[in-house]
Amino acid sequence: MTWVLGLSVAALIALGAPIFVALLSAAALALLFFPGPPLIALQQTIFGGLDAYALLSVPFFVFAGELMAISGIADRLINLVRALFGRVPGSLGIAALGGSTLIGTICGSSAAAVAAVGRNMYPQLIENGYGRTRAAGIITSSGAIDIVIPPSIAMILYGASAEQSIAKLFIAGIIPGIVMALLMAGYISISALLARIPREESFRARVAWQAFKQAFWALTMPAFVMVGIYAGLFSPTEAGGFACAYAAFIGMVIYRTVSFRSLLEAAVSSAMMTARIMIVVAAAGVISWVLTVEGVPQALIAATADAGLSPLGFLLCVNLLLLAIGCVLDPTSAILVLSPLLVPIAVSLGIDPIHFGIVMTVNLAIGMFTPPFGLNIFVAQSVLGIRTSEIYRGVLPFIGVQVSALALITLVPALSLWLLHGMS
Amino acid sequence: QSTMKLASATINDVQHEWQKEFQKEIEARVGEELKIEIYPASQLGAIPRMSEGVLLGTIEAFTTPTSFVTNVDPRFQAFDVPGMFKNADEVDAVIHDKDFRDYLETLFLDKGVRIVGAIFNSPTQMLTREPVTTIEGMNGLKVRTFASPLQMKPMEAVGVTPTPLALSEVIPQLQAGGIDGMLAGIPILSAFKFYDTAKHVTNINMNQIVSVTLVNEAWFQSQSDEVKTAIIEAGRAAETTVFPWGVDNVERAEKVWLDNGGEVHMLPEDQQKELQATFAKAADDVIADQPEVIEVKDRIEAKLEEVRAK
Amino acid sequence: MATRRGEELMSENGIIRAEALVVKLVGLLLGLGLIAMVLVNVANAMGRYTGWFSLVGADELLVYGMIWIVMLGAILAARNRDHLSVNLLPAAMNGRLGAVIQLFVDIATVAVSIFIAWHSFVFIERISALNQTSMGLGIPMVIPHSAILVGFIGIAAVTAFLTLVDIFRFTASKGAAQ
Ligand code: NA
Ligand code: NA
């Protein structure tokens, strides 16, 4: 069963078939050869994979990213970062990482962040000597931080299916998200230094002030979105729509860089990008559903439960299992299916379920960019217009970095729980 | 041997408990003949997908509060009318009355679903960021409701602005003050640890939530007579077993709420009466032009009068 | 002879231009749809925040709009052959082997799209017989569900068209080479 799925997906993907075709063929074959539920369930699961309010953040943030690019908001923000930190090795790479992290604080979807940051930062990174592989690696992997930093769709789903407080999960994700970002920043900086990527001239107050003045309105955009969320004007999903509206306002009224025509063109290309991302999301949902009704994850987890592991052994086992699953499944469906099964075992071993939720989220965040299958990889490839093999090579070192972060987050529960205990 | 997938949106609550009891009862009756698989916590998809699934037979059974299947058949609204049932015992007396239960089992056969389980879930209460202890205190609050007139109109009648909102947006909006509260049963509020976000629950007892288990009728008819009988009997046996569990569960949930720093408020008795009357009037207006709903509601109320007379 | 060849070219150009126009119009529709979604989203949040008005069913409208955008966009992406895919292997091959692989992938795409479209059709037929409506907007569920059917029929159709054009070109170039 699992083999049929795996082999047909792998064969079709390797031959360059559209990902959604490979996934749906595998699901169709599995349902034909291993009859279970009626085939009309295909329609239902494809539709169900798209019919989720939180997924609206994908079209909205893709569109917002596009508008930031054509209005010049992104350029001005990047120039400011360069004026302030240009002397730091790898500053532009860190700016891309910072962009992802910033988008992460207002958005819960990793694919949208990759699209937005990739669209804005990739040309700059190439121009500044980062090389395609390195630039793609930075952009593809840093998007994963978005689902660890609150708000996060993955955590909302974990909270709902494991009966944990979503509010606590959000708080618990803050430090692990920062840890991931810091480790990434450290790696980007050191590797940029070793690769002798050219640095900017030393910091000059006058240049920085000029860049700040230039970027003032651009800076109000993330500020507006953050304030809007925390003042209750809009929800995290709606924030995407407001980000579009505000970026369009700045572009059309303040900077006058955006005409109605270019706005419409941006909307058309964002809609197309959304379609290409979401059809893969829907098809991946079908695969998860087929695996669930055929009892595959249940069997895997039963085997884990029967192994009689220590808490630490269990956590490591779960990490390996989830990293493997993350190679083929998308995190949203994986969390829905796996957490009701794994959390009771974790709790019986004395593991804090909030800590466990963070461990799961980080795992599946990494799964977003581990080859061969990772939504962030496909999105990056499409936005950056480069070969998959280059992205595969680019993300390799970052898998190492983020797995180290995962190890740290797994071994030190305080990273997740400290802020919570500080609260109560 | 056939398989019966039982789906629901929640876990470790009275719905899940009924499913587990049902599984035991089936095993005792027909053993391996019918394999029960339980999928709690929306593992088989969101609520609209599960209700479509049971209608079209992609899943065999779905356990849900009646308010989530009013689009399957509007007559499900009859169970959600605010102010109708006063408490759990009244729900028990009506839905487990032999006559009524027979009537209920086949009421929705024209939609292709059979009811094999009917259970008391919990009363609908109001969670808020700030304490609410009077009807006036509700005035102007933005409270998350379902996009259903039977929740929205009665809330409007007491001055609340009903605010339908996707479930994934509720916590962030509550935290930020974009909404002031939400309607829910206390087992849900405690299970999802809402006390971390908003501390106050007002026992408005708007309605008593009834959960039902729908089975795809075409699938049901394709089973052997022995299995059909077992399903019907097991469903009713499980109802009887879980009723006290469900009542205790509401108490347990309230205790969990209080133990975690949450507070529970009651309106003064006269105001509670006034509130129920206002709700009931608003609800009557909502269903006034739906005779098929009124017919079922009348049936429930006739049984209620019988029960109250005793 | 010369005039007939000219007519053929003209009608071919006509088809190509008509097709290009349809593609452009659908693209514009998707763009306008996305802009409309942004406006509904903003209006809905503003109405809720101020308490002035409440757009019941706005969440459904947004999600169903997104589903239609995704499925129509997927047809255009199939038409432009730029769906997300892994481009490891085909680069290493060119010429005849590449064409054969492309043909195989296209046939798989058409086959799986027709398969999904068929079961989607059966589903929609049954859901429409049951008069299912949505919770918030109260619209027939056939409307949002049809997006999947339309999308996969469209993907099958444009891919079949591209495949035929490819086969025609391939045989033509083979003929020219001989
Ligand atoms: Na986030
Ligand atoms: Na992966």
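Note: Cβ is positioned from N, Cα and C throughout, glycine not excepted.
Curation plays no part in TrEMBL annotations; they are all automatic predictions.
Going by TrEMBL, these are the annotated features:
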type     : residues  : note
DOMAIN   : A:8-415   : domain 'TRAP C4-dicarboxylate transport system permease DctM subunit'
TRANSMEM : A:6-33    : transmembrane segment
TRANSMEM : A:53-74   : transmembrane segment
TRANSMEM : A:94-117  : transmembrane segment
TRANSMEM : A:138-158 : transmembrane segment
TRANSMEM : A:170-194 : transmembrane segment
TRANSMEM : A:215-233 : transmembrane segment
TRANSMEM : A:239-258 : transmembrane segment
TRANSMEM : A:270-291 : transmembrane segment
TRANSMEM : A:311-329 : transmembrane segment
TRANSMEM : A:336-358 : transmembrane segment
TRANSMEM : A:364-386 : transmembrane segment
TRANSMEM : A:398-420 : transmembrane segment
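Taking pairs at least six residues apart, the transmembrane segment (A:398-420) and the transmembrane segment (A:170-194) share three or more Cβ pairs below 8 Å and count as touching. Comparison of A:6-33, A:94-117, A:215-233 by number of C-beta pairs under 8 angstroms to the transmembrane segment (A:170-194) places A:94-117 first. Two recorded stretches are said to be in contact when at least 3 C-beta pairs lie under 8 angstroms, sequence spacing 6 or more; the transmembrane segment (A:94-117) and the transmembrane segment (A:239-258) meet this definition. Listed as Cβ neighbours of the transmembrane segment (A:364-386) (distance under 8 Å, sequence separation of 6 or more from its ends, same chain) are residues 9-10, 13, 19, 110-111, 114-115, 118-119, 122, 132, 135-136, 139-141, 143-148, 154, 273, 276-277, 280-281, 284, 322-323, 325-331, 334-335, 392, 395, 398-399, 402-403, 406.
Sequence-distant neighbours of the transmembrane segment (A:6-33) (same chain, 6+ residues past either end, Cβ-Cβ under 8 Å): 39, 41-42, 279-280, 282-284, 286-287, 290, 294, 328, 372-373, 378.
Within the same chain, residues 2, 5, 9, 19-20, 23-24, 26-27, 30-31, 41-42, 45-50, 55, 58-59, 62-63, 66, 111, 115, 297, 328-330, 332-334, 336-337, 375, 378-379, 382-383 sit at least 6 positions outside the transmembrane segment (A:270-291) and bring their C-beta atoms closer than 8 Å to a C-beta of that stretch. Among the stretches A:53-74, A:138-158, A:215-233, A:239-258, A:336-358, the one making the largest number of Cβ pairs under 8 Å with the transmembrane segment (A:311-329) is A:336-358. Of the Cβ pairs linking the transmembrane segment (A:215-233) with the transmembrane segment (A:53-74) and spaced 6 or more residues apart, 3 or more are under 8 Å, so the two regions touch.
Among the stretches A:53-74, A:138-158, A:239-258, the one making the largest number of Cβ pairs under 8 Å with the transmembrane segment (A:336-358) is A:138-158. Among residues of the same chain six or more beyond the transmembrane segment (A:138-158), those with a C-beta under 8 A of the stretch's C-beta atoms are 54-55, 57, 93, 96-97, 100-101, 103-114, 117-118, 121-122, 125, 130, 164, 166, 169-171, 173-174, 176-178, 180-181, 184, 188, 229, 236, 331-332, 335-336, 339, 357-358, 360-362, 364-366, 368-369, 374, 376-377, 379-380, 384, 391, 394-395, 398-399, 401-402. If one looks beyond the transmembrane segment (A:53-74) by at least 6 residues along the same chain, the residues whose Cβ comes under 8 Å of a Cβ in the stretch are 103, 107-109, 111-113, 115-117, 119-121, 153, 156, 217-218, 221, 236-237, 239-241, 243-244, 247-248, 250-251, 255, 257-258, 262-263, 266-267, 269-271, 273-274, 277-278, 281.
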